[in-house]
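Step one of this worksheet: look at the structure below.
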């Protein structure tokens, strides 16, 4: 059993949107978006574009077992004609590499996306590291807002996706440089299903995303990340446009 603390997504009140406001009167026209190539950050990317920001997307190679998400992110940004950098920080792999996402000798957990099953996929301090680099880039290019794709379904498993983490990082980002930077996580209180619903309402094509923890030609359909994605599509009554190899997934 995992000894991770139990957190649940915040309960939504009647009439309350799961998508939080992403603009502030103090925002500049430029924004940095941490973009992995997955469906959460893909939806955040388009939310920022719809809000009128000049988006500068950052993707990070931190020693992941495969680069399918990064390739997907590159293709999407090229298609959209937006600034995009893939930042190679694999030098830190020896410091934070004890995760099934970064260590090919570890078994990737199958099954449901929950704390007990998915604890092996935690990369220590990942979002703090990536946000710190994104904040520095924002200051460098004259942006004062950084977006990332934390969502309510990750609160149980990933401490750096929880509301209290975002709140504290905002406090630090406001004083870490002469230029305050705001961290925005528009889906912080949303489920994967709600993120998908928002993206579908924007007309997004989720064939342009990669979710699977494995880097095969087709998504496996049985890792925790695939199962969460498939459940979101099923809940929306929509067929996932990706072609899956795993048993129980759509062909």
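Each Cβ is built from the backbone N, Cα and C atoms, and glycine gets one as well.
Annotated by Swiss-Prot as region 'Disordered', the relevant range among 1-21, 22-42 is 1-21. Comparing the Cα of residue 212 (Zn(2+) binding site) with the Cα of every entry in 35, 37, 41, 43, these being the binding-site residues, the smallest distance points to 37.
Reported as a whole number, the C-alpha separation between residue 43 (ATP binding site) and residue 223 (Zn(2+) binding site) equals 21 Å. Of all the binding-site residues in the record (35, 37, 39, 45), the one with the smallest CA separation from residue 226 (Zn(2+) binding site) is 39. Looking at residue 45 (ATP binding site) and residue 220 (Zn(2+) binding site), their Cα atoms lie 25 Å from each other.
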